[in-house]
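Here the structure is laid out as structure tokens; the discussion comes afterwards.
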Amino acid sequence: MNSLIMVIIALIAAYFIGSTPAPYLAGRIFKKIDIRTVGSKNMGSMNVFYNVGFWPGILVLTTDIGKGALAMAVANWLGEGLGIQMLCALMAIAGHNYPVWLKFKGGKGGATAIGILAYMMPEGIPIYIACFLILMAITRFPTLSYGISFISFILVAWLGQHDMGKVLFSLLVVMIPILMYIPRMKEIKNKAGSGNAKRAIFRRNLKERL
């Protein structure tokens, strides 16, 4: 088959893999709610944890992480090189953030970004997990913890693999969810006030949903 056609197939497949609306489906299946209308109204795993339940949240988190890895794996299976695999990774994030099934209103791409970087640099997974757990223990702030922990993959690409291409790509992948989250952070701060912003972002009753 023509190589250009294979590239197009890989990119389209990546978008539709990314657009699988796991948070929306979890809300409908487990609680008969539209996740876009409760909590933060975000199509992400944290909103599912808080408003649907712990195990549905784990399922959604695993699915969203898997979407990023699967998009790259499919491109690899189709015989595409790392450059096309990276483009497919970005298409998976685009699908997650702008799913055609939900009028292009999706999540922010954080979990999908984790899957992408974990697929590219599996040796960074234990470092990422360790960083996340340490930061969570210190800050009790999940969004901040997983965001800062992304640095572990960037360091693996830079110091471990000495691959500047992967470093730059990792930075791009990490910046997408960060930029997507800025409006939400401003909204929370404006509603809660600076003194209560952290409490509003992270509700400590997650254990009650076990």
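We count from 1, first residue shown onward.
For all residues, glycine too, the Cβ spot is worked out from N, Cα and C.
Taken straight from Swiss-Prot:
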{"type": "TRANSMEM", "residues": "4-24", "note": "transmembrane segment"}
{"type": "TRANSMEM", "residues": "52-72", "note": "transmembrane segment"}
{"type": "TRANSMEM", "residues": "73-93", "note": "transmembrane segment"}
{"type": "TRANSMEM", "residues": "114-134", "note": "transmembrane segment"}
{"type": "TRANSMEM", "residues": "141-161", "note": "transmembrane segment"}
{"type": "TRANSMEM", "residues": "163-183", "note": "transmembrane segment"}
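Comparison of 52-72, 73-93, 141-161, 163-183 by number of C-beta pairs under 8 angstroms to the transmembrane segment (114-134) places 141-161 first. For the transmembrane segment (52-72), the list of distant contacts is 13-14, 17-18, 20, 22-23, 26-27, 29-31, 33, 35, 44-46, 85-86, 88-89, 91-93, 95-96, 107, 111-120, 206, 209-210: same-chain residues at least six beyond its ends, Cβ to Cβ under 8 Å.
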